[in-house]
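What TrEMBL says about this protein:
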BINDING   GLY13, GLY15, LYS16, THR17, THR18, ARG109  ATP binding site
REGION    33-56  region 'NMPbind'
REGION    108-118  region 'LID'
Amino acid sequence: MRRPNVLITGTPGVGKTTLGKELASRAGLSYINVGDLAKEGELYEGFDEEYDCPILDEDRVIDELEDRMREGGVVVDYHGCDFFPERWFHIVFVLRTDNSFLYDRLESRGYTGKKLQDNIQCEIFQTLYEEAMESYKKEIVHQLPSNTPEDLERNLDQIMQWIEQWMKDNN
Ligand code: DAT
């Protein structure tokens, strides 16, 4: 049985992990958090002093995931999307959160100063949406509001329906 690969992307704090894990559980797909995968496998190629975070070794991340992606049925969660092979994903969702909500979420995560401001700007400039539109066919890129628990439920229902339809069409 063929199953789709779903990419969930967006600025840190928009709700990718919350949605991605619940979606994978409801749809019986597997869930991969690329940030966690990199941490576990130390898939880094240096350290960014300005942003105070390790630099992802994108080639090693791709090597690590290739076999699982080829099998299908994977929900991938990451705050970047331009380095994955385009062929991996059947649909891409960019979660969007209003500033006031995002600010509170990032602050309660302990973000302050430049890190907090940069992430808020990333959302204002819709950086991830543009990155997704440039990296994948526009028809497969969808923005979803991610402000409230009601948004989360609606997004889950909508994506579940899409997955069911994809399975009917492709099996
Ligand atoms: P991300 O994985 O994009 O960094 P997350 O899933 O860790 O984001 O969520 C960040 C915080 O926001 C977390 O405390 C859960 C909360 N949250 C996520 N989606 C939400 C939604 N739709 N409504 C309200 N809160 C949400």
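The backbone N, Cα and C atoms fix where each Cβ goes, glycine too.
Only LYS16, THR17, THR18, in sequence order, out of the binding-site residues LYS16, THR17, THR18, ARG109 have a CB under 6 Å from ligand 1.
In the structure shown, across all protein chains, LYS16 is the one of the binding-site residues LYS16, ARG109 with the greatest number of other Cβ atoms within 10 Å. Neighbour list (THR17 (ATP binding site), Cβ cut-off 8 Å, at least 6 residues apart, same chain): ASN33, ASP77. Residues GLY13, GLY15, LYS16, THR17, THR18, ARG109 are listed as the ATP binders, and the farthest two of them sit 15 Å apart at their Cα atoms. Across the region 'LID' (108-118), the model assigns an average pLDDT of 94. Under DSSP, residues within the region 'LID' (108-118) fall into helix, strand and coil as 7 helix, 0 strand, 4 coil. In terms of DSSP secondary structure, the region 'NMPbind' (33-56) contains 8 helix, 10 strand, 6 coil. Sequence-distant contacts of GLY13 (ATP binding site), defined by Cβ-Cβ distance under 8 angstroms and a gap of at least six in the same chain, are THR97, LEU102, ARG105, LEU106, ARG109, TYR111, ASN119.
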